[in-house]
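Per Swiss-Prot, the feature DNA-binding region maps to 114-189; the stated evidence is sequence analysis. The SUMO2 cross-link feature in Swiss-Prot is assigned to 192; the stated evidence is similarity to another entry. The phosphoserine annotation in Swiss-Prot covers 19, 46, 55, 68, 98, 219. Per Swiss-Prot, the feature N6-acetyllysine maps to 231. As annotated by Swiss-Prot, zinc finger applies to 117-137, 153-177, with the evidence given as sequence analysis.
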C-alpha cells in the first residue's frame, strides 16, 4: 500500500504476520530527512495496519498512525513516549484537516488557496496592516511609515504598480498601498524592539509621548488635540519629541477617506525640488544615525537611502566647489532680469558703487509663492514631517530671494549676510502666508499640548516653557493679524523685500545700497496699496506696523521648533550658504532622479 502523500512512501506488510514484518528507511522528498517505517499487524488480528515513524536509529519519540480499513473514515493518531511503543496520548480524529494539523504537515493533494498581493499582484504572505499583501509591499509600507519617507512621482501620479514595476515609482506604490486599505496606524501601534535603544541628539526630546488629534474626514474644522503618554517616558532635553505623532486636518480630503494631499502638477514640477535640500539634510542625518547605531546592514534593496545619500554628497560638493563662472555677474555689467527691473551701476566709485534698478524691484513672478507640501501625508504626522514642511517653506523663501535681480547684484557675501540676518523674519512671513496650507493652527495647538504635559512631568524647566509659549503666542498673534488684514500676494512680496533689504543688521557692508533697495520696495508697496485699496486710507500704515513684531521672535526657538527634528545640531546659518550657491537646475535634477 502506498501512502496518498507523495512526501513519504509507506509499504505495507502481510496481514498474517503479527510481529513487525518490515523496517524500511525512506527519505522525505521535500526536506530530505530520513525516516524509519516499521510495518506491523494490529494485535487483534484485524486488517488494521500500524505504521510507526521514528528516527532511523530507532531512538527518540515517534509518531504512530493507526489507519482504519478503507471503508471507514476514522483515523487514530498515537504519540508514543517510550521505547516499547506504549502510547502516551491517543487522539481520535475523523477529518483530514485535523490529521494534517496534528502531523504538522499539509495534504499536498488538496488544492491550496493562493492569495495575491492587492498592491502589486505578487504571491501574498498574509494580511498585513489591513490588506492582503506580499512581503515586499509589507516591508515597503512599514519602512515608509516608520521612517516617514516622502516620495515624488516623475509622471502624473498614476504609474502602473505590479510585481515587475513596483520599485519604479515609490510615490505611486505608497499611494496604492493606502488606496487598497493598508493603515498607517497599524504600523505605528506595533511594538518596538526592547533591545534597540537608539541614542537621540542632545537637543531633541527623548520622550516617547505621542500627541494624537482626532480627525473627522467630513469636517473641515480643526480637530481637538488629545495627549497620550507612554508609561516609560524618559527624560526630555528638547522642545519636541521626535516620536510625537500629530494628525493634521487637511482642507482637501478625498471622499473615500484616503489621506492624500492634492497637489498641482505644474507646481510640483517647478517647486517640488525645493524640498530636495530637506531630503539631503535628512539623508545625511539618517546616515549618521545608521552608522552610530551600526544598523546599516538592515537597509533593504528597495530603500533609496543609499542613492539619496550619494546624491546628497554630490549636491553639496557641487555647491561647495562652485567656480567663479557660476558667481553673480559683475556690478559693471547690466543684469538682464526677466523677473524684475534691469540693474545698472550709476557710480563707479570702487569703494561704494551705487546701483540703480530701472523698472520695478519685483515682478509678477515674485508675487507667486506657492508651497507644495510633502505627499502623501500620513494620517498621524510626526515631528519629521512638520520639519520637512517647514524646510520646504524655508528653501522656497530663499529661492524667492535669490531670484530678485537687485539681490543678486549685491554679491554672494552680502547675500549670505542678509539672509542669515533675516531668515527668521522671512520664514515667519512665509508661515503667515501659507498658514492654511500648512494647517499651522493645528500644528501649534499640538505643540502647546505637548509642552503642557512636559511641564507637568518636569521634563522642561518652567522658564524654558515660558519662553517657548511666549514665542508661540507671538507667532500665532502675528499670523492672525495678517489674516485679519487679508494681506494679498503682492503685499506679502513687498513686505519680504523690505525685510530682506534691511540695512540695520550688525556686520553688513554696503548698507547705503541695501537701504536704497529697501526704500524702493517701500515706495512700490505704497503705490500698489494706494492703487488697489484706494478706499482704505490707513491700510499701508496697518501693514507696516506689523513688521516690528517679527524682530521679537527668537530665531533659536524657531529653529528648535521647526528644524531640530530634521537637521539635529546643524544650524540654519550653516546651511544658508549652500542653499544660496545651488542652482535651480541642481534642485530639479535631484527630484528627477529621486524615485527608483
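For all residues, glycine too, the Cβ spot is worked out from N, Cα and C.
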Tally the residues of the zinc finger (117-137) by DSSP class, grouping H, G and I as helix, E and B as strand, and everything else as coil. 3 helix, 7 strand, 11 coil
For the zinc finger (153-177), how many residues does DSSP put in helix, in strand and in coil? 8 helix, 0 strand, 17 coil
Go ahead and report the DSSP secondary structure tallies for the DNA-binding region (114-189): helix first, then strand, then coil. 27 helix, 8 strand, 41 coil
Mean of the pLDDT scores, which run from 0 to 100, over the DNA-binding region (114-189): 88
